[in-house]
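If you check Swiss-Prot, you get these features:
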{"type": "BINDING", "residues": "166-173, 191-195, 213-216, 283-286, 314-316", "note": "GTP binding site"}
{"type": "BINDING", "residues": "S173, T193", "note": "Mg(2+) binding site"}
{"type": "COMPBIAS", "residues": "347-356", "note": "compositional bias 'Basic and acidic residues'"}
{"type": "COMPBIAS", "residues": "381-396", "note": "compositional bias 'Acidic residues'"}
{"type": "DOMAIN", "residues": "1-159", "note": "domain 'Obg'"}
{"type": "DOMAIN", "residues": "160-333", "note": "domain 'OBG-type G'"}
{"type": "REGION", "residues": "337-356", "note": "region 'Disordered'"}
{"type": "REGION", "residues": "373-396", "note": "region 'Disordered'"}
Amino acid sequence: MKFVDEATIYVEAGKGGNGCLSFRREKYVPKGGPDGGDGGDGGSVILEADESINTLIDYRYTRKFKAANGESGRGGNCTGASGADLVLKVPVGTTIIDTDIDEVLGDLVEVGQQIKVAQGGFHGLGNTRYKSSVNQAPRQTKPGQPGESRNIRLELKVLADVGLLGLPNAGKSTLIRGISSAKPKVADYPFTTLVPNLGVVRVQAHRSFVVADIPGLIEGAADGAGLGIRFLKHLVRTRLLLHVVDVSPLDESDPVESAVKIVAELEKFSPALAARDRWLVLNKTDLLAEDEKEAICADILKRLNWSGPSYEISALAGEGLQRLCQDIMTWIERRAEEERDDPEVAEADRLNREQMDQEVRERIQFLNEQRRLARKKAKESDDDDDDEDVEVFYAP
């Protein structure tokens, strides 16, 4: 199934049913009085997080959704039936944004979590409601109210504890294959990974974490180059970033320069995301000569001026993976405990996530607008070229 992580849809709640104008008609009851019932409420539109869905493809081609209207009231004080709510299932991790006012309506991060995006219209009132001592035969009713309508954008960000970051062919997919049951495609050409892949890493029976692998970044990614820019937003929800560096690249490029480029693109895309906890993972060390391995890795750390955690692994050979996974699990558990015990830490993390969301959203909107303008300019240029090629002949 095609992976779609963005969609724009129009939702409209149902209209409330109209109130009924009716009077009691019964033998030997010449003045039965009003008996018009109220209408039913219109159905609302609700979004619900469903763990069985992992893409927004259902909303890419069907753009309009409307809930049922409420039924009108009837005589005999019969109330009309309410319109059924329309429940739209979306993947866990979906953010809902009102595009008309550019406001985030909610974030569905738990299975079964719901958010009402369009309230159904209030029911109309029958003429019974207007009966009084001075108006015993009212002919007044009230129509049902229209339901709310919105243009909303759905943005899916995968839920993972750890995100893999690096250039194409750095070995990220091989790493996720080596530490989890996920089996992404692996090959020796760039951009083998086209969509995010998730894998569950089980350290022990009841200790596990989720890791996300996104397409590799290249220089200029923050300006729209390559595939990685489309999926960098999926790293927003992660707690920890693993920067995977190929210490023995096939093109003989400098690993340090490559690592610096990735960090620069990350900072340009979102400073808050770049400030996230990040560990350095030096991959493919099995390709280095045994007597040179330690010196080469130490030189990379020195030139990067790296002071954080670093690991030397071979994802293909499985070297160093167990220690890496154990340390990640311990860090995640310790971090979760700190957030649980210290409200200030939890609040700081929440604010940081909001800042990342805002920066990522603004950057993606800017790039989308740039692409739209570029397409418009290219189309206008093509039209001008076509006009210049036209020759007009006048027949006598």
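Start at 1 and count along the chain as shown; that gives each residue its number.
Cβ atoms here come from the backbone N, Cα and C positions, even for glycine.
Known features from Swiss-Prot, placed on the structure.
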{"residue": "G166", "record": "GTP binding site", "Cβ within 10 Å": "25"}
{"residue": "N169", "record": "GTP binding site", "Cβ within 10 Å": "22"}
{"residue": "K172", "record": "GTP binding site", "Cβ within 10 Å": "31"}
{"residue": "S173", "record": "Mg(2+) binding site", "Cβ within 10 Å": "26"}
{"residue": "V195", "record": "GTP binding site", "Cβ within 10 Å": "18"}
{"residue": "P215", "record": "GTP binding site", "Cβ within 10 Å": "24"}
{"residue": "K284", "record": "GTP binding site", "Cβ within 10 Å": "24"}
{"residue": "S314", "record": "GTP binding site", "Cβ within 10 Å": "21"}
In the compositional bias 'Basic and acidic residues' (347-356), how many residues does DSSP assign to helix, to strand and to coil?
10 helix, 0 strand, 0 coil
Using the alpha carbons only, what distance in Å do you get between P215 (GTP binding site) and S173 (Mg(2+) binding site) once rounded?
9
Averaged pLDDT, computed only over the residues in the domain 'Obg' (1-159):
91
